[in-house]
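Peer 1: Take a look at this one; I'll ask things after.
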Amino acid sequence: MKYKNSFICFYIISLIIFIKVKICKCQYNNNYENEKFLLKLYDLDDSLITELNLHYSYTSYLFNEYYYLYQLSNIKYAIICSEEDNDLDESEIETFVFWNVASYSIFLSSSIFLNVFPLWYNEQKKNNKHFCMRIDSVGWYDNAYASICDDEHKYPCPDLIILGVTQLTHRYYNDEIIDLNKYFRNYFKKNGRPLESLLNKYSFYDYNIDNNWLAVPVMLDFRVLKFNITTFDYCISQGYNLKYPPPINDNWGKNYRDTWNWEKVFEYAKMITECTKNPGFKLLTNYYEDMNFFINICQTLNIPFFTENSELNTKKCGLRNPEYIMKLSTLRSVFENHYIENWFNETIIETWLNSDYPKSIDNLPKIEYNDTLIFDESLINGLYYTNLFSMNEYPDIKLSYYPGTSTIFGSGFVITKKSKYPDQAFEFIEIFIDEKYPFFTEANISVTPFDDRNGKQCQLNKINKKTKCNSLLELDGIYPYYYNINNITEIVYLKHISSKSDRGISIINNNTLYPLKSKIFHNIQNINFTCDNEVSYEKKTITYKDEYRIEIPINSKENLLLKSMTDVIYINQADKTKCEIYDETSKYAKPLPFPYTNFMEFKNLELRSPVSLLFSHLYYNYYKTYKKEEATFEDLIDEFCDIVDDSLIPYCKDTKILHYSLTECNIRTLKMNINYLNCKTEKNDGIPRLITCPYLPNKNYLGFTIRLFGIIFLIIEVLLLLFPIIYRKERCIYIAGINFLIITIIFCILINMSIFYWIGEFKTHKCILKVWTMILGITGYISSYSVKSKIIISVYNNKKLKSNSNKQSIFITYGIVFLIQIILLTIWTLTHKGVQKENVYYQIIGYIELNKCSTGNKRIFYLIFIIDYILLAISIVISYQGRKIPDEFNDVRKIYISSLISIFQLTLCNLVAQYNIENLILYAVMLLLIMLISLINTIVFIMPKMFIIFNFNVTESSIRVINNSTSE
């Protein structure tokens, strides 16, 4: 029993230990953060270059191999996966595709985004999803304009793209990216602070279109001005009146923005050109940089590059002004005299100069930049307009305050509309911008798109001593430093040297030029020391102490402070000084479209490059001879503005609200041309160019046909009207009722006369008369044969119609109805607004305003026709009651047939009066039928009388009817 209890205790203890181990292991697995990743690199031929095993640090949140990665080049795309997933089947791993703007030759920026992947991967793994990420270096063109995400899967479909601010609208209006409003709201709920509140003041101009946030800003750039201090020193020594730009030289005064301006820059460019025999000014050689430069010059000179028509929401060139052209004359001289370095593609230029000048702006060439030029700041001769990015730092190249207002640029994350992982894409963005991590800072140099964060170079609280030491020693050469020992000041000469990617010093001992008086340096002569965060005699490292002072080891136990004797303000720019310049420049920088928000047509300026053509004209003086000897700068600006105006007109398929004007109705085609005022059309865009005329012109063949038949029908009806009048004493006319025949024909004539008002341009009196004549004609015609029908049936049934009261009651009843119609028409006329604009919907275009006749009070209009339908129904019922009258009493049957035909006629009248008949051929046919039915009804009652009078063998029924009534 004792052993049994011991065994049970042992079993229980083992079970508890096993459970605890399992729990710990489970907790370990849940909290485990993978550190090992596999990166595959591919070239332009999609061939695998190499595979790299990467190790991620959850302390620095960077790969340990990060500084190796950003030096890679010639990478088309890279795929990164977790080594944890090596054993998984491919179907269990999703691939997240990210398009970056890095070029094939530089992998630097892509390497920054790779560091986000491990954190993002871990978040997805919590949801039992396993991802690899593919990051493509597509460059600054394909990111915006390459085809993506088609239904046939012929093109790639990235989930996340970085787009420049001027590129957003292209993808947006192509319906290729989603708006991020939902994610912005979710960010606020999650973090308690709106994402948009973090952004700088110009983000709304760049990233918000139609109240939709299209992107999350990721990088911010602006243009800066640099100069070669060695060139300045040389030209100053040659007697040229140059001085260092601010803030290197503080003689510009506190209001340097008034004195250091573009006029001064161009003046210096001229002097440097004359001094060195090489251009004194250089533009950054890259896509669209000349356009960015020119727009920036206009903004600084208070020249509106764009003007806007607020009603049409269109923009145009703003340079067509003599005052503005005069302001640009300084820039003109820089190009004509070649004070600026040539960046044009000479092959294109040569073809252009040796070809006939195009007669249309559509055929003007696109002047591209020379992409073979070496992007190397060490080759700068004088002043340099450039961006923040620089592969290498050169001690001769200094940063100055920007003259006037700089231009701010940016790029942001967008999520594609057909992405399978939009939520995961925004989670990637959230990790990237999270201030806990270094990615956002790493991607920016000076400032970021977020107001409260600085870029890598200007994160002052994170700049270590090593970086500051490197900055202090950035200039090559031998410089004097002083130190103090026992209240005695001594001088030592240090040589600034490079040690791989860092800077350092070497002690100089030259008895003649640089004597070394103190013995304390004897142990460290001819030894190279390198900048680091700590001083170490063993490691041969020095460090930064404070402004202009470094700390060096003189033995394993002692250190010494050395202070530079050179006025470093004039020769050295520490990171602090650079960041002050960056802050000052970014403070005044504006977006290119400012004061307007981002708009799609801006990309057309980039693609057509009118600025490159303008500058080419000036550089080669071609504009003076390409058309005529006396061509002027104003002529060139006019041509430039023609291209700009055409570029800024959007295509109608991309325009949500179309403004237009309509031409007069084309008599031959019955169409009106649509002239679009705020957009332009292109082939096969599905945009209508023509619409049907709202009226039928008199001079059109259809209008002419209706008028011709109308005249013929009227002549016939007038002749038919004259017939009973002339032969009124004939027995058949007398007993048929001459008044009935005359009234019936008159109302038929009135119906036909109304048709003449239904064709031709709309005019107020025509709009009213066509309804009056038609309604009165129809009402009177139906009433007349209804009275006749009722009398015939009553006589046949031997009713005492000799009683005046009976006769009068019939006439009074129908007379009252006719009077009611007149009253209703009068009231309707008072509510009639004549010719008015009416919105007619057309597919694609939307609603178009067309001149139409007012319908007045529609309820009254409907009531008028309802009364006529009621009269017609009564007529049919009355005439139907006479169906058993013998054949010889056939007037009732004629009335019955006429009533049935009149249903069709009244319906036609209702359709043309109340509805817009767009098919004018159908409209014309309907009018002809209305007239034809009136004529037929007239003939039905007159022709039998004519046959009797002219001795045709026809039985006249009415003779007997009337005799019966008269005998009583």
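For all residues, glycine too, the Cβ spot is worked out from N, Cα and C.
Whatever TrEMBL says is automated annotation, not expert-curated.
Under the heading domain 'G-protein coupled receptors family 3 profile', TrEMBL lists 702-950. Taken from TrEMBL, the feature transmembrane segment covers 701-726, 733-759, 771-788, 809-830, 860-883, 895-915, 921-943.
Show me how these features fit into the structure around them.
Peer 2: Residues 737, 740, 743-744, 746-754, 757, 810-811, 814, 817-818, 821-822, 825, 828-829, 864, 867-868, 871-872, 874-875, 878, 891, 895, 898-899, 902, 905-906, 909, 913, 934, 937, 941 of the same chain sit 6 or more residues outside the transmembrane segment (771-788) yet have a Cβ under 8 Å from a Cβ within it.
Beyond the ends of the transmembrane segment (860-883), by six or more residues, the same chain brings 775, 778-779, 782-783, 785-786, 789-790, 792-793, 796, 817, 820-821, 824-825, 827-828, 831, 889, 892-893, 895-896, 899-900, 902-903, 906, 909-910, 913-914 to within a C-beta distance below 8 angstroms of the stretch.
Remote same-chain residues near the transmembrane segment (921-943) are listed as 696, 702-703, 705-706, 709-710, 713, 716-717, 720, 723-724, 736, 741, 744-745, 748-749, 751-752, 755, 758-759, 777, 781, 785, 891, 894, 897-898, 901-902, 904-905, 908-909, 911-912 (criterion: CB distance under 8 Å, separation of at least six residues from the stretch ends).
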Peer 1: What residues elsewhere in the chain lie close to the transmembrane segment (701-726), defined as a C-beta under 8 angstroms and at least 6 residues from its ends?
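Peer 2: Sequence-distant neighbours of the transmembrane segment (701-726): 670, 733, 738, 741-742, 745-746, 748-749, 752-753, 755-756, 759-760, 920-921, 924, 927-928, 931-932, 934-935, 938-939, 942, 945-946.
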Peer 1: Can you give me the average pLDDT across the domain 'G-protein coupled receptors family 3 profile' (702-950), rounded to a whole number?
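Peer 2: That stretch averages a pLDDT of 82.
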Peer 1: Same chain, outside the transmembrane segment (733-759) by at least 6, Cβ under 8 Å from its Cβ: which residues?
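Peer 2: Long-range Cβ neighbours of the transmembrane segment (733-759): 695-698, 703, 706-707, 710, 713-714, 717-718, 720-721, 724-725, 727, 766, 769-770, 772-774, 776-778, 780-781, 784-785, 787-788, 891, 912, 927, 930-931, 934-935, 937-938, 941-942, 945, 949, 956, 958-959, 961-963.
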